[in-house]
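Enquirer: Annotations per Swiss-Prot:
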- C233, C236, C255, C258: Zn(2+) binding site (BINDING)
- 1-18: compositional bias 'Low complexity' (COMPBIAS)
- 1-43: region 'Disordered' (REGION)
- 233-258: region 'Zinc finger-like' (REGION)
Amino acid sequence: MASPQGGYPPQEGYGQQPVAYGAPVQQPGEAPAPQVHTGGRKKRAYAGEAFEIGSGANAALGGQPPAGGAYGAYPPQQPAYGADPSQMAQGYAPPVAPGVAQMTQQFGAMGVTDPHLMPPQQAPQAPQAPQAPRAVPLNQLYPTDLLTQPFNVAELDYPPPPIVLAPGTSVYPSPYANCPPKYVRSTLNAVPTTHSLLKKSKLPFALVIQPYAALHDAEDQVPVIPDQVISRCRRCRSYINPFVTFLDHGHRWRCNMCNLTNDVPQAFDWDATLQKPADRALRPDLNHAVVEFVAPQEYMVRPPQPLVYLFLIDVSYASVTNGLLATSARCIKESLDRIPNADRRTRLGFIAVDSSLHYFSIPRDGSETSDPRMLVVSDLDEPFLPIPGDLLVTLSECRENIEVFLDKLQEMFQNTQNNSCAMGSALRAGYKLISPVGGKMTVLTSSLPNVGHGALTMREDKKVLGTSKESSLLQTANSFYKSFAVECSKAQVSVDMFLFSSQYQDVASLSNLPRYTGGQTYFYPGWNAARSEDAIKFAREFSDYLSSEIGLEAVLRVRATTGLRMSTFYGNFFNRSSDLCAFPAFPRDQAYVVEVAIDETVTKPVVCLQTAVLHTTCNGERRIRVLTLALPTTQNLADVYASADQQAIATFFSHKAVERTLGSGLEQAREALQAKAVELLSTYRKELAGGSVGGGGLQFPANLRGLPVLFLALIKNLGLRKSAQIPTDMRSAALCLLSTLPLPLLIQYIYPKMYSLHDMPDNAGLPDEQTGEIVLPPPINLSSERIVPYGLYLIDDGQTQFLWVGRDAVPQLLLDVFGLPDRSQLRVGKQNLPELDNDFNGRVRAVVEKSRDHRSKGVGSIVVPHLYVVKEDGEPGLRLWAQTMLVEDRADQGVSLVQWMGSLREKV
């Protein structure tokens, strides 16, 4: 089987054993090499021939280093480091992170509980009268040496540095007053008061915003304020929030953004449902940083839009033969009950596309005929609507006949020989059909649009891959896709692309439509419904896609304290004005990045940044979701570094790198990332580590130790890495992910998770006693050094999973996991694990499934990763693809982590 990467040629350097930075080969936290058993210790079933308990990556539960080898352990003076209780409810009591064992003992002696479980700050007390908050000490800076204390993957699971606010900062002492990191994360949790200090730090100041943490409201409920009493500042239009102050016996409030004094609305303290006075201290908008207001009439330009899905389905030869037409028709039919339709206004339409456009008029249920009528239009230059009505039908009124139509759709085109695809003209026609109401055009296609509007040609050239000319292939080939996207955005039309080609499809051009309309590009390379794994993956994902409670006709704006300005916005939307982002549809599985400029000196001890998303719910209600984040300010560079969030910074630079790739080229994007890593290390060394460090170390704060590793992993990601083997479509699809994924999924896509399964702890793969969630084994570093030849490993980047089977895996392990007595019978490639009647099989399947669980990561996503079984001595293309996930190794044209740290050390 050819690997989806086009089959990497074996490169030198694969599987090399890099030496730990200036240390013996055995990494701290890794058990000694397996010895032949002496018969004296208890052995695992799979280990009879090979190893004893107490060896392998999980030997010390969590790769605990020997005493004294504490990597990035935060010293005990700072019990609050990053402890956000909500972050920690990730389905298991947090694994004892490397080096935290010593901390825990010291805390125990001090009478302090586990540092990971302490609240980030004391709940502020309600002020009797407005008072200036006292200055409180911010996070302390803990320098570490990146060369003598190598990075441990568990550090990526630490929460961000806590936001330290003085007591009394919020109007009421609510634990929910500040925005949780799953919705908004700042790259800096202590904000410089001046532009010059920010510039000196060389750190970016940006927000990573993910307004929704799940595809459905029920999975992530936020307080809804139904009374339509929305109090906003008259000058800056900020919404009242937990950080305002009340004056004049509570009759007026001072805006925490611009300081203007506003009147409190009369109805603010009145409970309209109970018709009696209400306690202001219980109002959600004064206690919760994340709330949703039901909007009154003045927030609507027109009646709320209904949910509209127009399906543009490719019915050319490629799409019929690979099973896309049949699978998508069946999947839509089976998902009709999942499409949101509480207000019974949801409308659907269908256009089939080959060298002509085929419209379908579907009669209402109970009409004389139930048969759909097909109307064919072959004028591709000026596509017209053959009949104005009946092409968009109401789901509730035509439910049965929509099913009749979907059953017949496949038969209509089953014998086609038509190789043309006029998808550009179909998009134009679809726009004509739904632009009066707005809605979503969902494109399902297996072909390159080769006739009509926006026709594209095969432009991939193997000879330019890996050269400077490759970057031109990542740009749009036809201006239609950008200009048409802007038209769509103005008419509240959003486009989603589901692409299934086995040949070049020009993802680079097609992905512009989702990019500017708040949509997404979903890419299924080499997909074929005859492979059950392919059919099941698409069916599950498409059904979740249709069920998602998207927002409609939405706009997003971020306001902030005087002195701060939103300068640049990144993500899939159209930037309508300097600070307004327009979304014809607002998805729930994407994040956005907003860069913040400091225009004038900030004089306040706390700044606030407030994100507001005005949208129509898919049930026809106009709402505003408001997310308010308060951050302390500082004039001290050490505070800025000590409170910087490495994952948010990596997310910001991921978006920057995609922008640079599309603007200047791949090489420039990679060089900019390396230059940034050097600049940050040099700045820290010069400004905060006293200029010169004895012994040639590489100093960086404990909270940023993962940043150089994340930069290397980003440079080696499919979207950016230097290689002559990566098909352009694969690269373009990866760039789409790097610029849209929610933060937890993006970090995993850049630095995948790897779990050792053959020696996982006894509780892994079983439900946790407290939470009932499946316990995952501790993750291990992405280095071939961590892989033993008799091992079984799961490697998961959130899009693809690999189950790596070592060449010396013992027969009992293969029997328990795969039900096969002999290694030679093990099939490699895409598959699902068999369900066998033994405990270990159940635990391995539970770990594979739990690793896919988006909800426990606090994000919405439709993706169900494929699982590939890889034999260490099996199919080379597949093996090399899996090995590209080991970002700490040397591979293809990329350096190892040891080489990378060495080169950074030289440049710093």
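Cβ atoms here come from the backbone N, Cα and C positions, even for glycine.
Please situate the listed features within the shown structure.
Expert: Counting only same-chain residues at least 6 apart in sequence, those with a Cβ under 8 Å from the Cβ of C258 (Zn(2+) binding site) are C233, R235, C236, S238, T561, T562.
Mean pLDDT for the region 'Zinc finger-like' (233-258) in the predicted structure: 97.
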Enquirer: Mind checking which residues of the chain, 6+ beyond the ends of the region 'Zinc finger-like' (233-258), have their Cβ under 8 Å from one of its Cβ atoms?
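Expert: Same-chain contacts beyond the ends: 127, 130, 169-172, 174, 177-178, 264, 280, 285-289, 293, 559-562, 606, 608, 610, 612, 624, 626, 628, 630.
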Enquirer: Considering the binding-site residues C233, C236, C255, which residue's Cβ sits among the greatest number of other Cβ atoms within 10 Å?
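Expert: That would be C255, with the most Cβ atoms nearby.
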Enquirer: Taking the mean position of the Cβ atoms of C233, C236, C255, C258 as the Zn(2+) site, which residues outside that list, in the same chain, have a Cβ no more than 8 Å away, listed in sequence order?
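Expert: For the Zn(2+) site, the extra neighbours are R234, R235, R237, S238, N256, M257, N259, L260, N262, R559.
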Enquirer: By DSSP, what is the split of the region 'Zinc finger-like' (233-258) into helix, strand and coil residues?
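Expert: Each residue of the region 'Zinc finger-like' (233-258) counted once, the result is 3 helix, 7 strand, 16 coil.
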